[in-house]
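What TrEMBL records for this protein:
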- 34-56: transmembrane segment (TRANSMEM)
- 76-94: transmembrane segment (TRANSMEM)
- 100-118: transmembrane segment (TRANSMEM)
- 185-203: transmembrane segment (TRANSMEM)
- 210-234: transmembrane segment (TRANSMEM)
- 254-278: transmembrane segment (TRANSMEM)
- 290-313: transmembrane segment (TRANSMEM)
- 319-337: transmembrane segment (TRANSMEM)
Amino acid sequence: QLDAAAAAAVLDALNGTEALNATAKFVASPEGTALAYGSLVLMALLPIFFGALRSVHCSKSKNASDMPETITSRDAARFPIIASCTLFGLYLFFKVFSQEYINMLLSVYFFGLGVLALSHTLSPLMSRIFPESFPNKQYQLLFTQGSDDTKEEIVNYEFDTKNLLCLVIGAVVGVWYLLKKHWIANNLFGLAFALNGVELLHLNNVNTGCILLGGLFVYDVFWVFGTNVMVTVARSFEAPIKLVFPQDLLERGLGASNFAMLGLGDIVIPGIFIALLLRFDVSLKKNSRTYFYTSFLAYIFGLGLTIFVMHTFKHAQPALLYLVPACVGFPVVVALIKGELTEMFR
């Protein structure tokens, strides 16, 4: 089972929540640019939408393997500091050591995480695809320490035939990624990481969400505009911690290599706040999804504004600079209008 908290922390810190970026060697056509940015926006929306829906079921689950990891206000306050240390540490590593060997080690590490994340993502889909008559055998992987009364469980993982099939599919994608580093394989892993993060990382209240988003707002702006650290790490780091889409796809087909990119942190961080607002909608028991749809539309607006500014000034942008005010501000205004602001922050 993927440790969602650790994975999301690593993902956010490593990608530096860097916004979209394009290589200067190739002048993309307007059609190619529109296709690349439109595809990135769509890929960003999918894990947020479905991850938020799955987070509602996850919060009600009694299965230990599906229990969410709750982020407290203390965790949220420390997150930007930990992310900054990790980001700067990676920057120094890339400056001191060979980029090739670092990326080789990280590729193997993310291969394991990616297979587990993709397997967890596909599991509900497999349950719907296969008929009830499918011979679905149950398995248990148990690893203990000691004996008799002193026996202690180290690993106790229950799975079935459908889970095994999901692992096989994940492993195939993982081998494809390791051997070819193809952008489609990268995106499959990236989408799985993002969806798992939104589903399994739960903010305990709106106050915590504001602390987390506010801290990462400052973190993102500082490391993008104040230094070249974030952009350097994002360009040097070969791991599925960002979504990419080629701007030269129309000219070069699937072998295209001039990518626009979006860091997974720019999806997961606003995504877990949007998922929290969906759970708040559900708790109101009004059969309404007002705050979820408001924040979801706010995310689309913020991401569109990021793309517009980046395209206008031809410079990488900290996406959270635009996403945080939109995703927090719009729902707060709606809550003020509806007279539910106090209830929201409780």
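Positions of Cβ are set from backbone N, Cα and C atoms, glycine also.
Values in this document were obtained by computation on a predicted structure and should not be read as measured data.
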Contact call for the transmembrane segment (210-234) and the transmembrane segment (319-337): at least 3 Cβ pairs under 8 Å, seq gap 6+: yes
Touch test for the transmembrane segment (34-56) and the transmembrane segment (254-278), at least 3 Cβ pairs under 8 Å: yes
